[in-house]
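Remarks on the structure that follows.
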Amino acid sequence: MLAKRIVPCLDVKDGCVVKGVQFRNHEIVGDIVPLAARYAAEGADELVFYDITASAHDRVVDKSWVSRVAEQIDIPFCVAGGIKTITQARELLAFGADKISVNSPALSDPSLISRLQDEFGRQCIVIGIDSFYDAASDSYKVKQFTGDEAATKETAWYTQDWVEEVQKRGCGEIVLNVMNQDGVRGGYDIKQLSLVRQLCDVPLIASGGAGTMAHFRDVFIDAKVDAALAASVFHKAIINIGELKQYLAAEGIAIRR
């Protein structure tokens, strides 16, 4: 069994790390580089950075902090935010990112996924999917431009269909951001993640809902995801990554030490 990964997520806005609840009301939680260094020292397997307003504001990730992060940490990291061209992706990789992630730009132009895969290889192309459970229709729907509440819109894609589409296009990994669970620390959406797991032939990263160490255990065992992403529990020091890994190992989960 491949070891499971623990992935802190750092949402970046105006040069600072922020965190909201259900993608709203973001508050500043710290500076980018010190937080990245802290999580690397605690034992994170990799980091994900989302420039959350880049796509909505039609710009790309600020490369200056990407290079500073690369100088300070020795674990892989992925960056996302407004990446719409091969050139933009190449620049971010040259500045030190190990993977690039696309979300809203891929919804606007699905062929972007194939072009990135052809240029850089499947292994460094991550697709983020912002999935919202709509109770009225009892369905999972994909939203776009979620980093800016005023710009957020519902797409025509159902989550399951988009998961299948991005794999056909050549993505190497999927991060499923469950919007209803985001920031509330009530546990991962096991039902939705299990559904997506059945459709997913590439590594699947769970995002949204972590509040306790048991939540990580449950998502690995019950949803069979490859990695668990979390933000607020790490930013607020509710959970220490090293202690989390010890707990998971004691629970019989293969974990990178």
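Note: Cβ is positioned from N, Cα and C throughout, glycine not excepted.
According to Swiss-Prot, the protein has these features:
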ACT_SITE  ASP11  active site
ACT_SITE  ASP130  active site
About how far apart, in whole Å, are the alpha carbons (Cα) of ASP11 (active site) and ASP130 (active site)? 14
Per residue, counting other C-beta atoms within 10 angstroms of the C-beta, which of the active-site residues ASP11, ASP130 reaches the highest number? ASP130
